[in-house]
Each structure stands twice: as C-alpha cells, then as structure tokens.
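> OK, TrEMBL features for this one:
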- A:7-25: transmembrane segment (TRANSMEM)
- A:37-54: transmembrane segment (TRANSMEM)
- A:61-79: transmembrane segment (TRANSMEM)
- A:91-107: transmembrane segment (TRANSMEM)
- A:119-141: transmembrane segment (TRANSMEM)
- A:193-210: transmembrane segment (TRANSMEM)
- A:216-232: transmembrane segment (TRANSMEM)
- A:239-258: transmembrane segment (TRANSMEM)
- A:323-343: transmembrane segment (TRANSMEM)
- A:355-377: transmembrane segment (TRANSMEM)
- A:389-410: transmembrane segment (TRANSMEM)
Amino acid sequence: MKTKSLLLVAVDFLIMFAGLGIIMLNQYPNIDYSPMPWALGAAVMGIVIQLFLVKGRYSSDIWVFPMVLFFSSLGIIMLARLKPILCVPQLRWLMIGMVVMLGVLYFSRQLKNMMQYQYILGICTLVVLCLSLLFGVEIGGSKNWLVLGPISVQPSEFGKILLVLFLAAFLSDHGEMLNAAKRKFLFLDLPPIRFIAPLLVIWGIAILMFVVQRDLGSALLFFCMAVFMTYMGTGSKSYVFIAMLFFGLGAAVSYAFFSHVQVRFNIWLDPWADPAGQAYQVVQSLFAFAAGGVWGTGFTHGHPGLIPEVHTDFIFSAVAEELGLLGCTVIMMVYVMLFYRGIMIAMNCKKELHTLVAAGFSIALFTQAFIIIAGVTKFLPLTGITLPFISYGGSSMVSGFIMIGLLLSLSKKEKVHGA
Amino acid sequence: MQGTAIVIKTLGIALQYGLLLLLLYFVYKLMKFMKKDSQHVVEDIYAVTEISNVEAVLTVLEAADQSMVGQRFAFSNHISIGRGNDNDIVLNDSFASHHHAEIALLNNLYVIEDMGSVNKTYVNNEPITGRQYLQSGDLISVGSATFEFGR
C-alpha cells in the first residue's frame, strides 16, 4: 500500500513531463530547454519527499502529498503554456514550498505547542493583515501586496493560516462556555456578548480591511472559514444564522458605499450588459468554457490567452478550454478528495484543538478552490483569489505548503503512554 | 525533413491523449487506493510492543469504533475508561458511560472498579459489583467494547 503511493507521485510527474513535452514539440526546431533542469529537480525532490513520508516518522498520511503534487504539476504545465516566462519561477516556488513543508514537519512538535497561545495568534493575525494596509502596494487592482526588496508577498495568504490557528485555539478553549451560557432570543441561542466579542472583533476587522483593500476574494474566504470553524467548534446553528445576518448587512452596506462591489455584483447579474468593457474577463472565461466542450480543444490548441489574468485567477478557465470538462472534473474531484482526506485526519486527532486546526486547513483550501471556480464559471460573483497550488503565485504556494505540512504533522498518531 | 515532421506530429498527438489519460488514471488510482486504505487493516493485534516500566496492558478486541480494534494501552498504576474526553481510554460508544470504569494497582494486584455506569462493567461476562481483582487473560467488557487484560 505504501509503495503504491509512489506510483501516484510518478503519474504526477509524468503529467508534468507530458505537458512540457507537448510544448517543446510545438517549439521545434527552436526548443527552449530551460524549464527541464528545474522540472527534473522538482521531480526528484517530490519522489524523495514521498519516500520520506512513507517512512512515517513525522506523518502517517501518504495520500495528501501526491494530490498536492498533482495540482502543482498541472499548474506548471498550464503556466508553461500560458506564460512561459513564469514557468521556471513557479517551479522554483514549488521547490521552496516543498522545503518549507519539510521544515514545518521537522518543527511540528514545537509548532503544535505554539498553537495554544490564542490571543497572541489573534494579535498576529491582525498585525499581518494590517501590514498590507499600512505598507501595501497596489498590484492588479487590490492593495494587498508587500514589496520586500526583490520579492513581493501577499500577507493575506499567511493571515489565513494564522486565522485558522487563532480560531481553533479560541474555540477549543471557549467552546463549552460559548455553548453553556446562552440566552434565548427568538429562535436563536445567543451567548453572552463578552464571550463572543473577541471572535466578532477579529471577523469584523479582517473583513473590513479586505473591503477597504478591495480584496473581496480574501474577505469572502476569511468569512466562510470563520463561519465554518465556529460551527464546528460549537456545533450550534445559531452562529451560522448570526453570521448570515452579518454577511447580509455587510454585503448591503458595501454594495451601497463601494463602487467596485457594485461593479462586481452587476457583472454577475448580467455580464452581457457590457461584454467588451467591465465584464470582459468573465465573458471571455465563459467563452473559454464553451470552446472547451467535453474533451477540450487539446493542450496548446485553445486560445486562453484572450482572458486577462489567465495565469493567476483564471487558470481554471484555461484548463477548461484546453482539457475540457474532463480536465475540470478531474481537478474538482481531486480537490474533493483532498478535503475528504483532510477531514479524515481531523477526525483521527485526539485533541479538539488539533481536530479544529486540521479541519480548518482543509476547509480553507477547499473553500478557496470553490470560491474561484464558482467565480470563473459565474456561479457566484467573481472575487479574485488564487486556485490553490495551480495558480501562479509564490505566497499562495508557500502558504499552501505550510498548511499541508501542518496537516500532515497532525495526521501523525500520538503514542499512548501509561497513565 | 518530412519524416521528422510526421514523427513530431504523431508524438504530439500521442502526448495530447496521453495527458488526458494520465489525468484520468491518476484519479482512478487515487480513489482505489484511498478506498482500500480507509478499510482498516488490523495488523498489529499480536505485534510485539515494547512494554517498559509498565506492568499491565489492555488490548482492544472489540469496539464500536473499528479503528480502535487492536490498539494496546499500557499503564502501570491507574487507567480510566469511559466516554468522557478526560479518560485515559476514550470510547466513542453510546453504551459507555462518561466515567465507566477504572483499573488501579492495589497491593501489587490490579483491581477493576465500576464508576457507577448505566450498562455495568463485565469481567468474563459476569457483571461486577464493587471492586474485583483482575487476572491476566481476563476479558473486560465496557459498553460494546471488549478489552483483554494482560500483565
């Protein structure tokens, strides 16, 4: 069983090399071999890491990593086709991500101990999110980038991890209190305000910052994560109702006051009102889906280059056009299985804190994939966010691998000692 | 020149279809493996575990939660069994009480005591009243779980 997981890793890299091979054949006779050494390096690293995971010293899960590599190799071949110049950087980020994951696994014991300092984590979340508000630089329409010398970082990607850790620590500590002292109000059970206040403050500030920074995708993601985790931590549906109320209120207010929210919403209602202007991106994405059909146009045979930002937010449309319904379904199925595996890990944890952390990370990755896939297919209003592990982006890649590292370390069964 | 063009063309087509097939193959294999993996295999029930500094072991023979079957809990002085999370052995079983039973060392012998459970604690299929000494090989039933006591 354990060695069979290596087969999956091998298939991942076969996909990568098949894709790169197609692109190189198209370039004949002036073939650009530059991504090859990096791709080989990544493949060797992936196989070595899987061999290491199979030994089970720091983790007992062997299926999550092949799935992550599946997404990354698909992302790399899509980038090699869409923006060849970004292919090597993405491979480099993949390797950095794998190293970071190993680091997280190595220090997993210390990190697990750090997970219980809830208020420090809460403050860190706010600081990280505030950083971009104070020193942020605007790239691609939202002011959520930090420029540190040669690299630019998206702090919200890392704020996500901190938020999950904070909520898990807070809820596992206060879960009983949030449930015990309740007052009936209509059909809702309301906890006393002083127990829920820290939670509300963190939610509110996080969301306000995103609306101000025009990063609606992250705002929606943070909100969904907070709601899911509160529900898991307390098991009380009242919180979901309160959150929905909040959400409705927030949505109405931001629709009234912010023009970019209005634009997004109107595009969603009727993209055909202005297909060449404001709705251009969404309309081109829908065309891409239509052009792909069931089997797709064939890799490198479509025209996904017409969609703006196709290499980050809209990479799923490019997959849809070139690999068709088949490719899309496969990607979505693997996301679902990653989520399933994450929840399995969460259910096997002994401590409530660890359960919440593992479930929180699975939900974060899954919701993120859902929001952007729903956005590009016009199922929900479009909110720019990366498709985890597939889109181009260093911050997104590294933070994804940190989450996977923590998830894997939580899957390690703790030894039962004598009392 | 024509020859290489044809070779490249066919290679390209083969890779195109190969890519799609590989995607499908990955999902197929992943589902198959994960399905097999989730069916729990009891492989370590008779495995030799290191018992150092501990004098007694409880082996799970049956449990409502299949993943517990085969687990061994080693202890030296005291161990508690029940549904509550503060027990040493936490049973996720609706037939077990929150604090169901405890085993403790008393005069170099192990004693089991029922902590006032609803469904009683059984040793070798006999319900126990008060405290009772345990011998190696005794079968302890708590709720729907069965443990083997060993020294």
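Using the three backbone atoms N, Cα and C, a Cβ is placed for every residue, glycine included.
Given the structure is predicted, the values throughout are model-derived calculations rather than measurements.
Looking at the shown structure, can you explain where the listed features end up?
Same-chain residues lying 6+ beyond the ends of the transmembrane segment (A:355-377) with a Cβ under 8 Å from its Cβ atoms: 115, 160-161, 164-165, 167-168, 171-172, 217, 220-221, 224-225, 228-229, 232-233, 282, 285-286, 289, 313-314, 316-317, 332, 335-336, 338-339, 341-343, 345-347, 349, 383-388, 400, 403-404, 406-407, 410-411.
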> Examine the transmembrane segment (A:37-54) against the transmembrane segment (A:91-107) and state whether at least 3 Cβ pairs sit under 8 A, considering only residue pairs 6 or more apart.
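They do touch: at least three Cβ pairs between the two stretches lie under 8 Å.
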> Looking at A:7-25, A:61-79, A:119-141, A:216-232, A:239-258, which one has the highest count of Cβ pairs under 8 angstroms to the transmembrane segment (A:323-343)?
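Looking at each of A:7-25, A:61-79, A:119-141, A:216-232, A:239-258 in turn, the most contacts to the transmembrane segment (A:323-343) are made by A:61-79.
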> Mind checking which residues of the chain, 6+ beyond the ends of the transmembrane segment (A:7-25), have their Cβ under 8 Å from one of its Cβ atoms?
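Residues 31-33, 35-36, 39, 42-43, 46-47, 50, 63, 65-66, 69-70, 72-74, 76-78, 80-81, 84, 299-300.
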> What residues in the same chain, six or more past the boundaries of the transmembrane segment (A:91-107), come closer than 8 Å to it by Cβ-Cβ distance?
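That would be 35, 38-39, 41-42, 45-46, 49, 52, 58-59, 72, 76, 393-394, 397-398, 400-402, 404-406, 408-409.
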> Who are the long-range neighbours of the transmembrane segment (A:239-258) in its own chain, taking Cβ under 8 Å and residues 6 or more past its ends?
188, 190, 203, 207, 211, 223, 226-227, 230-231, 265
